[in-house]
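Going by Swiss-Prot, these are the annotated features:
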type	residues	note
BINDING	Arg86, Gly124, Thr125, Arg126	phosphate binding site
Amino acid sequence: MRPNARAINQPRPIKITRHYTKHAEGSVLVEFGETKVICTATVEDSVPRFLKGQGKGWVTAEYGMLPRSTHSRMQREAAKGKQGGRTMEIQRLIARSLRAMVDLEALGERAITLDCDVIQADGGTRTASITGACVALIDAINFLLKNGTLTTNPIKGLVAAISVGIVNGETVCDLEYVEDSIAETDMNVVMMEDGRMIEVQGTAEGEPFSHAELLTLLDLAKQGCEQLFVAQRVALAE
């Protein structure tokens, strides 16, 4: 039986709280069960050097975990003097995922940075970050539309992400830490709301998985993301 007696296709309770901080153009607290991430969107009227003069914008992301977001304290990466490989991999994934939902030409020569700070980790921090940052990004775009900086909405659609895996021989959706730590297969799937996939990251931690299991996992991810899109729409309507 899964933790909290969840069905195999049932994500953890999802909560998205908008306007969570005071200063950012978009800010969200996203909760996937006990995993909690603050996502803020910052708009700047400049782009990276490689994009200057091209009339296109940019969306990027940074990711980090508070020292006591986990069971035991982690040293801050700033204290170490460099980011770890896992951190860089995750923030690149978040940035790629969010760029897929934006028409960069319609954004114009400005950049939006999404900062995703994990305040409590219980599995799925990268998927929660993407799902919450999507809403923060839309709020930042709406800020630009409302003040007249933008006249055309560059948002192509919602983006959400969820983990799926095989635990004790059973395919399951939205793994929390106790499941993730013993999973035979772990996979993260990022999707647009029209069903197209942005990224699939899958690894056999124990037993290799079959083609049939892969298709089952992708179907579970689609079902899970559809529930996340509902949560995003509800939050954006508030």
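Think of each number as a place in line: the chain as shown, counted from 1.
Note: Cβ is positioned from N, Cα and C throughout, glycine not excepted.
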List, in sequence order, the residues of the same chain other than Arg86, Gly124, Thr125, Arg126 whose Cβ lies within 8 Å of the centroid of the Cβ atoms of the recorded phosphate site.
Tyr63, Ile90, Val118, Ala121, Gly123, Thr127, Ala128, Ser129
Rank the binding-site residues Arg86, Arg126 by the number of other Cβ atoms within 10 Å of each Cβ and report the first-ranked residue.
Arg126
Would you measure the largest Cα separation among Arg86, Gly124, Thr125, Arg126 for the phosphate site and round it to whole Å?
13
Counting Cβ atoms within 10 Å of each candidate's own Cβ, which of the binding-site residues Gly124, Thr125 comes out highest?
Gly124
Can you tell me whether DSSP puts Gly124 (phosphate binding site) in helix, strand or coil?
coil
